[in-house]
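Participant: First the structure, then my questions, so here it is.
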Amino acid sequence: MEIRALKGTKDIFGEEMRKWLDMEETIRNLCNDFGFSQIRTPIFEFTNLFQRGVGETTDIVQKEMYSFVDKGDNAITLKPESTAPVVRSYLEHNMGADVQPIKLYYMSPTFRYERPQAGRQRQFHQFGVEMFGTDSPTADAEIISIGYELLRRIGLNKVELHINSLGDTECRKKYNETLKAFLESKKDGLCPLCNERREKNPLRVLDCKNEACQEMFKDAPTVLDTLGDECKAHFEKVQELLTAMEIPFVVDPKIVRGLDYYTKTVFEFVSNEIGAQGTVCGGGRYNCLVEEIGGKPTPAVGFGAGMERLILAKEAENGNTLPPATRDLFLGYRGEGATVWAYKLVNELRKEGVSAESDHLQRSVKAQMKYANKIGAKYSAIIGESELENKVINLKNMQTGEEKEVAFDELVTVMKQELNK
Ligand code: ATP
Ligand code: MG
């Protein structure tokens with residue numbers, strides 16, 4: 001049998017890997033500018049963390065988790081999102097006792113058993129941010145502004161920000177009643193899953209992917225109508241802050257998000273450039289989750305962004321903007337005696353941070369120069385018989401074609417000078 005990678009998974013290497021490293025660097029710099037520090041939680045957790053944290057009636061828990069029993073009879077799940085693990089870690093390490101807010105970000109493989117298609121995989125990667133310990137609308141606005149700034153830095157202009165408020169438990173309770181009544185009146189036309197969820201989790205019903213259902217939800221009552229004074233003021237302040245930060249948005253009462261833990265502000269950044277799977281980033285406030293997972297009531301807000309979709313959207317809008325890969329020097333050789341010198345010099349260069357390569361395949365000089373071009377060498381030289389005798393090489397600038405003689409023991413110094421020009 002031919003062994004292949006699993007459906008919905010991808011190997012990342014070569015040019016594609018360079019795009020990933022570039023995106024990761026952008027994200028690290030971004031988070032540093034916003035004062036967020038990185039957290040890495042394990043790839044797997046006890047299954048009940050997600051059952052409790054993500055919610056029993058969500059698509060993720062009902063249909064998408066990679067769950068298994070390990071050899072010690074533990075029920076384990078590959079993380080389908082990272083917020084619940086980060087909350088678990090926040091509690092386990094008593095971060096609540098530290099100065100608040102706690103501002104964390106992650107980049108993590110994420111696993112969901114879904115039907116693979118463009119922008120939808122079974123192992124994908126999420127970049128996310130979480131801020132704990134404050135209910136201030138400034139925190140919501142700061143979280144949204146990180147997403148916006150990321151999209152600005154990677155040159156995505158054709159992305160829309162949709163925001164909504166789901167209210168707190170009080171407003172939600174009221175809204176759930178109104179919504180249940182509305183859904184009851186539509187029950188004959190709803191899909192079986194919606195009818196199943198209608199009573200237990202009416203809000204989740206609005207997130208159904210079925211078009212016929214969505215059509216019916218057009219005139220559903222909106223949660224914004226049932227917001228209490230405090231939630232209304234909070235939502236207005238978030239909007240005022242976004243406006244002041246010159247972040248354009250539309251209020252979209254249809255945004256309910258696919259996870260149970262959200263309260264108050266929710267939002268999505270949607271790209272129109274990458275087809276049906278256009279949501280590149282989604283998040284919101286989740287003031288009940290920390291308590292749900294066993295901690296003291298702790299307000300929190302965050303988002304998750306699909307890194308595959310960010311990379312796709314960036315390329316769709318701007319093409320490949322990465323400069324080609326380069327190497328500082330290719331130092332080839334001809335003849336047995338030159339081999340040792342080539343590797344001795346290459347090693348000295350590398351110790352000084354000059355990227356250098358030589359030949360491993362006993363290729364002809366012509367083939368070695370072809371290789372030098374392929375790796376994007378800025379400079380090249382070949383150690384032949386006379387070079388070996390005089391301990392001098394002809395260093396060629398591959399761009400201008402200029403050549404100059406450089407003694408072996410001057411090579412490191414000269415290369416460093418040349419590269420600093
Ligand atoms: P969708 O409605 O597209 O399924 P979601 O609501 O399930 O998205 P979230 O749980 O909010 O998504 O995850 C945050 C982000 O992670 C999404 O906006 C998307 O960019 C990305 N994402 C989610 N699922 C996948 C997947 N299977 N493959 C690639 N990216 C994904
Ligand atoms: Mg999904």
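The backbone N, Cα and C atoms fix where each Cβ goes, and this holds for glycine too.
Annotations per TrEMBL:
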- GLU81, SER82, THR83, ARG112, GLN126, GLU130, ARG257, TYR261, TYR262: L-histidine binding site (BINDING)
- 1-323: domain 'Aminoacyl-transfer RNA synthetases class-II family profile' (DOMAIN)
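Neighbours and distances for these, please.
Facilitator: Long-range Cβ neighbours of THR83 (L-histidine binding site) (same chain, at least 6 residues apart, Cβ-Cβ under 8 Å): GLY53, GLY128, GLU130, LEU259, TYR261, TYR286, LEU289, GLY302, GLY304.
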Participant: Max Cα distance spanning GLU81, SER82, THR83, ARG112, GLN126, GLU130, ARG257, TYR261, TYR262 (L-histidine binders), Å?
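Facilitator: Comparing all Cα pairs, the maximum is 21 Å.
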Participant: What number of additional C-beta atoms lies within 10 angstroms of the C-beta atom of TYR262 (L-histidine binding site)?
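Facilitator: Counting Cβ neighbours of TYR262 (L-histidine binding site) within 10 Å gives 26.
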Participant: Of THR83, GLN126, TYR262, the binding-site residues listed, which put a C-beta under 6 Å from ligand 1? Please answer none if none do.
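Facilitator: Among the binding-site residues listed, those whose Cβ sits under 6 Å from ligand 1 are GLN126.
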Participant: When DSSP is mapped onto helix/strand/coil, what comes out for GLN126 (L-histidine binding site)?
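Facilitator: Going by the DSSP assignment, GLN126 (L-histidine binding site) falls within a strand, counted as strand.
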